[in-house]
Amino acid sequence: MADSGENSALFPIFILSIIALPLVPYTILKLLRAASKKEKSIHCECSVCSRSGKYSKSIFRRISKFSTCSNFTVLLLWVIVVFLVYCIKQSSREIEAFDPFSILGLEPGVSESVIKKAYRRLSIQYHPDKNPDPAAHKYFVEYISKAYQALTDPVSRENFEKYGHPDGRQGFQMGIALPQFLLDFNGSSGGILLIWILGGFILLPMAFGVVYLSRASKYGGNIRRETLVTYFDLVKPSLAPSKVMDVFIKAAEFMDIPVRRADDEPLQELFKLVKSELNLDGKNARQEQAKFWKQHPAIVKAELLIQAHLLRKADALSSNLRQDYKQVLQLAPRLLEGLIKMATVPRTAKGHGWLRPAIGVVELSQCIIQAVPLSAGKAGSGSSEGVASLLQLPHFSDAVITKIAKKVRTLQNLQDMTLQERAELLSDVAGLSAAEVQDIEKVLESMPRATIEVTCETEGEEGIQEGDIVTVQAWVTLRRANGLIAALPHAPYYPFPKGENFWFLLADANSNDVWFSESINFMDEAAAITTASTITEAKMEASGANMEEIAAAVKDAVAKVKRGCRLVLGKIQAPQAGNYSLNSHLMCDAWIGCDTKTNLKLKILKRSRAGSRGGHVAEGVQEGNDVDDEDEDDIEEDEEGDQSEYSEDEDEDEDEDEDDEVDKQNNTNRKGFASGSARRKGRK
């Protein structure tokens, strides 16, 4: 067993090895990533966004960007490594191997007379009679004397020259690289090692596990389970887009917002500013106001702060309300994501979600990111889609929109103009300066335009029959005038950087059913390449393609992803036989007026492939299917008859809504396309 002094000296080396093994490669990887990372701006760089300060590259923001938890941990570990190296260097003499020739300053193989001369020379320097220094005395006794004895004794010298040690062949020694005080169980520190083992390897992991499990029990992802349950209960198939706000503010996260007595008067003043946007019944104004203030104080505050943001009145908030305002807006994106998942989660007997509330949630997200009131999206003033899409542009206001209303009623009208026509309209008619016109052009160039290619097929079969598992594949292509694929939206009033998220919905507008939904993110190209490669390779292998064909298909898929395409894949169950007119929606949660909708015709056949499924279809089975069809029709009638407390009375405006829907379809059909009705794969 190695002695305790050697064990203590080896302890820093042991700790250094444990830290350096993961730290060195991780640091090299971070440095390589930082060196290869391109510093490219992905926001519009207009003057309005620059004044917002979100994307400024000041020294404080650079320091805050560097001083992340990960970087701080790496720096701290390197400081520890430097300290351990220093400790090892200082204690290296203690664990240095005993070499009598080196101690006496001689070369191996010298004669005994030379050894005696060296000993006499060192004795004059270190002998206690010549040098009273205690350190010199210690060095003389422990090193010089032992070295002289080892080299003047024939046996010891022979052992050293033959085995490297004066005592001869040495046995195998074992030790534990821990300080002596941790191993000294007889002293006062006898229980430290036991405490260290119990705390470091048992109690600490248990504490982390308890904290993690307690949080996991409260959260489903980044959202509280209580919030998800509330959203699930409140979302109804007839939930009107204008009523989505009433559901959104019921999140449990908003209950944590502090309620102060000092905020009563500022909230009353804020209520007067946003009263027109609160959906209060004008006929029963007093009752509606009383009902509004009877809600939970935190919910009241959250809704007033959100409405103040939509009306761009945040500058009028007090310092306390401004802190709450930022907290509410920081929570909004992930809460809205959870809300749309609750809208599209399978609810009906056919396993479909609901289209109307899903669209309302995305529209609310667009308005919050762009700070545009919900009322601006209502049809009026000759525009079928309102003025919300125009208000998101820099330097646009109601006055500017009124001036250009004769030539521009929608965002699409403005985008269809040439650069010269827009410049003349905005400068001559609207009265904007050249710098303001340039800002508008930068934002228009950063707006996304998407196209969708959708195919539906039953793998290995010639057609889609009722009950089949249908594979839905969609290639979504994103284009911008500035050439970027991934970008940050122009959102100067939203106080935090926010990326674009797109939602793909395959839905039947007539029945209000969402057949399939998927979230798409264009920021992570590496993940998109992996997904497209895996899906393409699996599909080609299933079709019996050879290795060259598979490699070519994967290469083509990767090239499409790098050009701005994303592959969406999902599976649905074919409904009963019939012809279905579906819509594929691609909606962005950050831009208004950049959504795409395409039509898809899908034909479902009666089941007739009984032979390939193990036998002929019995007559009773067909009759049973007819009975199921009747039951499904009854279910659909019940769902259509179900009315939500958040639904709107739109009977009086039914004809106008139909005309508006036609206009929307005409506008959106120009933005995207779908491939045929459905594509099938033949059986080999």
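Backbone N, Cα and C define each Cβ position, glycine as well.
Predicted automatically and left uncurated, TrEMBL annotations should be read as such.
Taken from TrEMBL, the feature transmembrane segment applies to 12-32 (among others).
Among residues of the same chain six or more beyond the transmembrane segment (66-86), those with a C-beta under 8 A of the stretch's C-beta atoms are 12-13, 15-16, 19-20, 23, 26-27, 30. Feature annotation from TrEMBL assigns transmembrane segment to 66-86 (among others).
Across the domain 'J' (99-164), the prediction's mean pLDDT works out to 79. Annotation source TrEMBL lists domain 'J' at 99-164.
Per TrEMBL, transmembrane segment is recorded for 192-214 (among others).
The region 'Disordered' feature in TrEMBL is assigned to 612-684.
Here TrEMBL flags 625-662 as compositional bias 'Acidic residues'.
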DSSP residue counts for the domain 'J' (99-164), split into helix, strand and coil: 49 helix, 0 strand, 17 coil
